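A.B. asks: This is the feature table in TrEMBL:
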- B:12-31: transmembrane segment (TRANSMEM)
- B:72-94: transmembrane segment (TRANSMEM)
- B:106-127: transmembrane segment (TRANSMEM)
- B:139-164: transmembrane segment (TRANSMEM)
- B:176-199: transmembrane segment (TRANSMEM)
- B:231-250: transmembrane segment (TRANSMEM)
- B:256-274: transmembrane segment (TRANSMEM)
- B:286-311: transmembrane segment (TRANSMEM)
Amino acid sequence: MLLDVAFWVLGLVAVASAVLVFVVDSMARATYALALSFVAVGLALLLLEQSYVGVVTVLMMLMEMAVMGVYMVMYMGMNPALMPMSMVHDNRAALGVSAATFVVLAAGALLVPWPVRRGVPAPDVTAALGEALMGRQMLVMVVVSPVMVATIVTGVVLAAGRTRYDRFGDDLDASPPRDPHRGGVGR
Amino acid sequence: MPDPQPVTVGPGGVAAAGGILLALALAAVVLDGVLAARAAGLPAGAAVARPLDETVRLLRQRRRAPVSSDVLLWRLGGGGLVVVALLMVAVVPLGRWVVADLDVGVVWFNAMDVAVWVLVWLVGWGPNSVHSLVGGYRFLALALAYELPLMFAIVAPAVGAASLRVADVAAAQEGLWFVVWMPVAFVVYCLGVLAFSLWGPFAVPLGRDVAGGVLAELSGVDRLLVQAGRYALLAAGAAFAVPMFLGGGSGPVLPGWAWVLVKTVLLLGALVALRRRLPAVRPELAMEVGWVVLLPAVLVQDLVVAVVVAARG
């Protein structure tokens with residue numbers, strides 16, 4: 001009973017705050033409405049006894065939204081998002097797409113023949129979930145992660161305006177490097 | 001003697017935990033006042049009444065809000081700090097008792113200290129004031145530098161105990177406290193506590209050079225809550241270090257709960273005293289120190305712990 005109430009309250013908070021993202025007129029409020037939505041989802045995961053996954057979701061999403069808020073304020077909107085703004089653009093098409101997506105997903109959830117439980121849950125459901133998600137695909141995951149790191153590094157290198165020749169000179173022998181700001185460890 | 005199976009307390013115990021945290025925070029305020037008086041060459045007597053004076057003054061002061069401030073987010077940020085500190089100590093066992101015996105208590109503490117990012121930035125954003133906003137951004141710049149070293153610092157005791165449950169981590173230190181063979185992790189953890197409490201070298205988000213930063217526009221009860229939140233976070237950080245690094249409730253003669261309190265008070269006193277002994281950390285330089293010095297150091301610490309644990313079988 002208590003769990004049912006908690007589930008419905010968390011579900012409603014998650015959906016309502018996700019809607020608020022598109023209703024509020026401030027970038028900070030939109031960001032933290034989204035954060036609240038994610039936190040509600042993370043807490044709902046606790047109801048599945050996935051305590052690690054639930055708490056880590058809360059942790060990562062709070063961190064991510066705190067950083068994302070900074071970027072949203074920096075980049076979104078013609079003004080730097082310090083004035084009232086809207087998260088909604090091209091209202092009619094957006095409404096159509098989102099309504100269609102919602103109908104498809106909700107119909108899927110309602111119409112799919114859900115399997116009945118066979119056996120009992122594993123004693124450690126978090127380990128069981130990890131095994132089910134990753135067990136067979138471990139090799140793929142191990143290969144993908146260095147590729148992702150390489151992609152991030154490459155992206156930063158390509159996007160950076162200053163190359164190592166700007167920092168260390170044509171013969172790469174300038175010491176200390178010529179940086180616009182000093183670093184914290186004497187460089 | 002730490003108890004591996006702590007008892008979850010009822011509502012009375014929850015209130016007691018809140019009261020203990022508040023008392024520790026008050027003790028920190030008094031100690032800081034005494035140290036400040038001594039540094040200024042004044043008699044220390046007045047500092048003892050300082051928390052009470054300041055509380056009464058702020059409660060009587062009128063709350064004000066600047067033009068077009070985002071009052072909702074501002075008040076949420078300011079009120080949240082004390083709540084986060086309470087949620088942190090919820091997983092810290094006091095001898096036999098604990099408020100919430102989470103099987104992932106270590107991760108819980110980490111999630112709560114990340115919530116401070118959100119709250120401090122909101123306190124900076126809310127009042128629609130340049131100085132506050134600069135303070136909020138300064139905190140995020142520091143947070144990016146200290147958070148990963150802090151995360152990997154609390155990984156070390158968890159690996160050493162092979163558990164994310166705080167009571168298990170405390171129980172795994174029978175005979176040898178983790179602080180003895182994980183000194184790097186302990187030092188980095190303490191730096192993290194100073195940082196998420198906006199204390200000492202990490203107080204630049206509320207520095208005088210930005211007219212008080214995130215504190216600039218706070219008045220009345222809002223200011224009281226933020227200041228209380230800082231001291232409560234410092235106390236909660238010290239309390240969490242006890243089961244993680246300082247052997248939990250283990251110690252001679254006294255019962256477990258008394259040892260937890262004694263160790264917490266000693267560490268809290270040391271953290272308060274550090275305020276006047278360390279230089280301020282400049283936010284634009286902190287990132288490189290955090291990621292080039294602290295992060296590799298604490299990763300090596302984690303590796304050593306993992307190898308020792310694997311070798312012991």
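Glycine too: its Cβ is placed from the backbone N, Cα and C atoms.
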A.B. asks: Would you call the transmembrane segment (B:72-94) and the transmembrane segment (B:256-274) in contact, using three or more Cβ pairs under 8 Å, pairs 6 or more apart in sequence?
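C.D. replies: Taking Cβ pairs at least 6 residues apart, the transmembrane segment (B:256-274) and the transmembrane segment (B:72-94) are in contact, with 3 or more under 8 Å.
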A.B. asks: Other than its close neighbours in sequence, what residues sit by the transmembrane segment (B:139-164), given a CB gap under 8 Å and a spacing of at least six beyond its ends?
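C.D. replies: Tertiary neighbours of the transmembrane segment (B:139-164) are 103-107, 109-110, 113-114, 116-117, 120-121, 124, 171-173, 178, 182, 184-186, 188-189, 191-192, 195-196, 198, 202, 204-205, 214, 244-245, 281, 283-284, 286-287, 289-291, 294-295, 297-299, 301-302, 305-306, 308-309.
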A.B. asks: Would you call the transmembrane segment (B:176-199) and the transmembrane segment (B:12-31) in contact, using three or more Cβ pairs under 8 Å, pairs 6 or more apart in sequence?
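C.D. replies: Contact between the transmembrane segment (B:176-199) and the transmembrane segment (B:12-31): absent.
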A.B. asks: Which stretch from B:12-31, B:256-274, B:286-311 shares the most C-beta pairs under 8 Å with the transmembrane segment (B:231-250)?
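C.D. replies: The stretch with the most close Cβ contacts to the transmembrane segment (B:231-250) is B:256-274.
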A.B. asks: Mind checking which residues reach the transmembrane segment (B:256-274)? Cβ under 8 Å, same chain, six or more beyond either end.
C.D. replies: 1-3, 20, 24, 27-28, 31-32, 35, 92-97, 190, 193-194, 199-201, 234-235, 237-239, 241-243, 246-250
